[in-house]
Amino acid sequence: MSCSFQLSLVPSPPNLKMSIRNIINDPFATGSLSLAAMSWIITFISSIVADVQGSFPKLTWWGIVFELFVILFLAVLYIVDDIQPHRLSIVGFLAIATVYTTNSANSLVYSNTSAKNCAAAGSILLSMINLIWLFYYGTDIANSVLVARVFGKQGSNPFTTPQPNRTYTPNDINNTNTNYMSSGQLTGLEKGVDSNAYGNHDDSDDELSADDHYPITVRALYNYDANPEDINELSLKQGEVFKVKDTAGKWWQAKKQSGELGICPSNYVETLH
């Protein structure tokens, strides 16, 4: 018994969900990676033509190759759903790539040949995309949300410890077909409430196990102190494993191993299976 108890305290490593849908389902990733790929192709083809026509800055070629590496690196991280742990590396690579693309744009934009001017335009586009990525991956959650909304996404986990959005609604906590749970329902301390207030009681529900009601296992990515003004919120410890009812909205209805019920911010946890 003691052995199994100790093992339960050690969080298992996260499962990598390799799928191209991780990009397709993320509007920010889809838009920015597509634009970056098109800009890179423009720069690459124009640079080949310019090099054939005459002298071409040698350092620009290294910048083009490095930018391709950055784009592929980001795409792979999205495919394996592993962006969060690599944000610091992403920011470092983007800073280097931005230096190369801006230098290439400065070297080519004043040329009198159309091929070099086209390559300069591609380099300028890549520089702009790199700056957007730097802003998105290198700042806190509030700024990341502002950038993501340009592409139609409502937020993403930042590298720094995120701050949950406290303006949640009942639909953020439960499915649209589920009534919002009051504080008393979550704690089990509500008094004087008719058992039929939330629909007819079905005794068969009592026979369901906790795993039936909370089928999704998650793990806390960061420590989180619940808002003392909201008794619904749960405090989390980094690495803590517990169950959630579903993954809809920004706040998930959860049940800890101690049996405590409440809600937790979705950007503080990751699903395990």
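Positions of Cβ are set from backbone N, Cα and C atoms, glycine also.
For 1-27 (among others), the entry in Swiss-Prot reads topological domain 'Cytoplasmic', with the evidence type sequence analysis.
Residues or ranges marked as transmembrane segment by Swiss-Prot on the basis of sequence analysis: 28-48 (among others). Listed as Cβ neighbours of the transmembrane segment (28-48) (distance under 8 Å, sequence separation of 6 or more from its ends, same chain) are residues 22, 56, 60-61, 64, 67-68, 71, 74-75, 78, 104, 115-116, 118-119, 121-123, 125-126, 129, 132-133, 136, 147-148, 151-153, 156.
Mean pLDDT across the topological domain 'Extracellular' (49-59) comes to 89 in this model. Residues annotated as topological domain 'Extracellular' in Swiss-Prot, with sequence analysis given as evidence: 49-59 (among others).
For 60-80 (among others), the entry in Swiss-Prot reads transmembrane segment, with the evidence type sequence analysis.
Annotated topological domain 'Cytoplasmic' per Swiss-Prot: 81-89 (among others), in sequence order, evidence recorded as sequence analysis.
Counting only same-chain residues 6+ beyond the ends of the transmembrane segment (90-110), those with a CB under 8 A from a CB of the stretch are 43, 50, 57, 59-60, 62-64, 66-67, 69-70, 73-74, 77, 83, 116-117, 119-120, 123-124, 126-127, 130-131, 133-134, 137-138, 159. As annotated by Swiss-Prot, transmembrane segment applies to 90-110 (among others).
Marked as topological domain 'Extracellular' by Swiss-Prot on the basis of sequence analysis: 111-117 (among others). Within its own chain, the topological domain 'Extracellular' (111-117) has Cβ neighbours under 8 Å at 46-47, 49-50, 53-54, 56, counting only residues six or more beyond its boundaries.
Residues or ranges marked as N-linked glycosylation site in Swiss-Prot: ASN112. A coil conformation is recorded for ASN112 (N-linked glycosylation site) in the three-state DSSP classification, outside any helix or strand.
What Swiss-Prot records for 118-138 (among others) is transmembrane segment. Sequence-distant contacts of the transmembrane segment (118-138) (same chain, at least 6 residues past either end, Cβ-Cβ under 8 Å): 28, 32, 35-36, 39-44, 46-47, 49-50, 60, 63, 67, 70, 74, 87, 90-91, 94-95, 97-98, 101-102, 104-105, 108-109, 111, 144, 147-148, 156, 158-159.
The topological domain 'Cytoplasmic' feature in Swiss-Prot is assigned to 139-273 (among others).
Swiss-Prot lists 213-273 with the feature domain 'SH3'.
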In terms of Cβ proximity under 8 Å, which residues at least six beyond the ends of the transmembrane segment (60-80) contact it?
16-20, 22-23, 26, 29, 33, 36-37, 40, 43-44, 47, 86, 90, 93-94, 96-97, 100-101, 103-104, 107-108, 119, 123, 126, 130, 133
May I have the DSSP-based helix, strand and coil counts for the residues of the domain 'SH3' (213-273)?
4 helix, 25 strand, 32 coil
Take the Cβ of ASN112 (N-linked glycosylation site) and count every other Cβ within 10 Å, whichever protein chain it belongs to.
6
